[in-house]
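> In case it's useful when we look at the structure, here is the feature table from Swiss-Prot:
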type	residues	note
TOPO_DOM	1-20	topological domain 'Virion surface'
TRANSMEM	21-41	transmembrane segment
TOPO_DOM	42-51	topological domain 'Intravirion'
TRANSMEM	52-72	transmembrane segment
TOPO_DOM	73-77	topological domain 'Virion surface'
TRANSMEM	78-98	transmembrane segment
TOPO_DOM	99-225	topological domain 'Intravirion'
Amino acid sequence: MSNETNCTLDFEQSVELFKEYNLFITAFLLFLTIILQYGYATRSKFIYILKMIVLWCFWPLNIAVGVISCIYPPNTGGLVAAIILTVFACLSFVGYWIQSIRLFKRCRSWWSFNPESNAVGSILLTNGQQCNFAIESVPTVLSPIIKNGFLYCEGQWLAKCEPDHLPKDIFVCTPDRRNIYRMVQKYTGDQSGNKKRFATFVYAKQSVDTGELESVATGGSSLYT
């Protein structure tokens with residue numbers, strides 16, 4: 001007699017297993033749906049951070065499953081496919097960390113490790129505060145606004161701010177470039193004429209270099225003139 005045990009599930013066992021864990025599966029899928037659908041920095045920072053954590057977990061999970069597939073391949077063809085996919089997952093994960101670390105060295109912001117983007121916007125206020133925000137791509141124009149004394153850019157709340165705190169230049173950093181935006185227009189005041197209550201600023205892309213924000217912050221007061 002064979003001592004091997006058949007570990008495969010038949011249809012009825014699969015149905016029973018689903019019935020037993022269907023509540024957990026429903027809750028898990030609902031959690032993923034909410035995270036992926038509503039996880040935007042402009043809506044809720046908390047849900048957005050949860051979304052980032054979920055995305056971070058996907059790469060190690062893919063690598064782990066790939067390694068298991070290499071250890072227990074269904075056949076020779078499956079082994080080759082598992083090796084290729086696992087190597088691709090490992091290279092992609094390493095590439096993500098390399099690019100994120102390069103971006104972090106350039107702008108010193110934890111947004112550098114955002115798996116959705118390889119760009120970070122930075123506004124160095126004249127009061128010494130640095131405001132960083134997530135941005136999906138390098139735009140041609142940036143339009144930060146001040147509403148009720150709070151600074152917003154790309155729909156994201158950044159800091160408590162007054163109109164005269166905005167600098168002449170703001171930046172969007174990528175792993176290999178620093179994009180410089182210069183203020184070209186400024187509108188202050190609301191319908192009541194209160195210039196501190198509402199303000200709109202227009203920054204146009206001026207130049208591109210390979211500098212870091214730290215060199216700008218310590219380079220003198222010319223940035224704020």
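Residue positions begin at 1 at the first shown residue.
Any Cβ shown, glycine's included, is placed from N, Cα and C.
Each of the listed features needs to be described in terms of its position in the shown structure.
Residues belonging to the topological domain 'Intravirion' (42-51) score a mean pLDDT of 79 in the model.
For the topological domain 'Virion surface' (73-77), no residue of the chain approaches it from at least six positions outside its boundaries, judged by C-beta separation under 8 angstroms.
Counting only same-chain residues 6+ beyond the ends of the transmembrane segment (78-98), those with a CB under 8 A from a CB of the stretch are 59-60, 62-63, 66-67, 69-70, 115.
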> Can you work out which residues elsewhere in the same chain, 6+ from the ends of the topological domain 'Intravirion' (42-51), have a Cβ less than 8 Å from its Cβ atoms?
34-36, 134, 154-156
> Where else in the chain does the transmembrane segment (21-41) make close Cβ contacts, counting only residues six or more beyond its ends and a cut-off under 8 Å?
47-48, 50-52, 54, 133-134, 154-156
